[in-house]
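Participant: Once you've had a glance at the structure underneath, I'll fire off some questions.
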Amino acid sequence: DEILRSLAGPPSPPGRAPPGWRVPVDCVRANELCAGEPSCSSRYRTLRQCLAGRDRNTMLANKECQAALEVLQESPLYDCRCKRGMKKELQCLQIYWSIHLGLAEGEEFYEASPYEPVTSRLSDIFRLASIFSGMDPATTSKSNHCLDAAKACNLNDNCKRLRSGYISTCSRELSATEPCSRRKCHKALRQFFDRVPGEFTFRLLFCSCKDPACAERRRQTIVPSCSYEDKEKPNCLDLRGACRTDHLCRSRLADFHANCQATFQSLTSCPGDNFQACLGSYAGLIGFDITPNYVDASTTSTTISPWCSCKGSGNMEEECEKFLRDFTENPCLRNAIQAFGNGTDVNLSPKNPSPAVTALPKAEKSPALPDDVNDSNTAYDTSVISTCSSLQEQGLKPNNSKEQSLCYSEAQLTTDVMPDQKTFKDPKGGSSRHRESRILLLIPILI
């Protein structure tokens, strides 16, 4: 029971949870439990009145407010958390912040995430990515993984519908002075990334690229001309401040910092070596004014940033630069993106950090790329998932020859066909690796 409880979330501080309470519990349920307890219910109403229009110091100077806060720290509300995408997510987050904003020591640089910690790893999705990106460089240079990701999304009805919806919304020009409805575009993007499984969204966002055309398609994934770019770049601290006035945006930003904050105490530079949590938190930021994106179509470096700068920060410039570096110079985020593109989860061998590379000039704006256009310089463009899915859609079973060789399970492909896919690929590998690559080169010929 203790092991299951530790997996469910961080333990409560000693003495905080009274006997009988199971922690953590989602904040909507915690509110219901509090409402059924007269003492908790009355103190919660008192605290909400105390927080209305008062700063923290003024609130704590009031004995009644302080007593209410002390009582609520012993209630299930103190340890409650929310699940991203839950039915009453916004209500849950409003309850969480109604308690924790009273506990915060002013405007903290990093805030605790209101979401339950991600304990599972999408190892299967990382292995799926390895099928498309863990091959010999001679093969990968002739494939556009971002185009493959778009084709895979189109084979799934839910992914295709929601992706078409946000592309249409974000590309619809309203007038000569208003190219799109940014608000509607953001809402459609949030629906896509909240409702479509990571096996599709991660491949679209974090596909690996060997040429600028592929990298530009990746940059255009979120239709940046509407969802990301603006006429002028705001100050990053102003952007953060505006985000914190919205419970949902504030929660997603706190979750990003909790799961992607670089640490040198882990092999991958990520908290708990959990790439999945970092990538999921990154995707959770898309659809807000603080939306991050690739800054260019470079294939030699991965630079991520919100649409903001530290110009005009005054005496807050150091704090602004620190906030911006959490995106632009974050080894955890960079390693997580590269690991997914290489098809490797957290079973990594130690490696030297990537050398600093001067970013290429920003690519010119281009419309969302159609999925029937091969935008990589390649003579053919194949997708194993497309082949297998097509067979399944037609109700056919692969025969014992060429189709079957393409439709191995992910585990088989990882351990049998490509046994060394759990580490980053060395293009100067030995002869055995080249023999495996020759086998993989037969796939497009068979198709």
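Heads up, the Cβ atoms here are built off N, Cα and C, so glycines get one too.
TrEMBL does not curate its annotations; it predicts them automatically.
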Participant: Disulfide partner of Cys146 per TrEMBL: which of Cys82, Cys92, Cys185, Cys207?
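Facilitator: When TrEMBL is consulted, Cys146 turns out to be bridged to Cys207.
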Participant: What range among 344-376, 377-409 does TrEMBL describe as region 'Disordered'?
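Facilitator: Within the set 344-376, 377-409, TrEMBL attaches region 'Disordered' to 344-376.
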Participant: Could you pull the disulfide partner of Cys243 out of Cys236, Cys249, going by TrEMBL?
Facilitator: Cys249
Participant: Test of understanding: give the count of other CB atoms lying within 10 angstroms of the CB of Cys209 (disulfide bond).
Facilitator: 25
Participant: List, in sequence order, those disulfide-bonded residues among Cys146, Cys226, Cys236, Cys249 whose Cα sits within 10 Å of the Cα of Cys209 (disulfide bond).
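Facilitator: Qualifying among Cys146, Cys226, Cys236, Cys249: Cys146.
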Participant: Return the single residue from the disulfide-bonded residues list (Cys236, Cys278, Cys332) that has the minimum number of other CB atoms within 10 Å.
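Facilitator: Relative to the other disulfide-bonded residues in Cys236, Cys278, Cys332, Cys332 has the fewest Cβ atoms within 10 Å.
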Participant: What is the number of residues in the domain 'GDNF/GAS1' (146-226) that are helix, strand and coil, as DSSP sees it?
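Facilitator: Across the domain 'GDNF/GAS1' (146-226), DSSP assigns the residues as follows: 61 helix, 0 strand, 20 coil.
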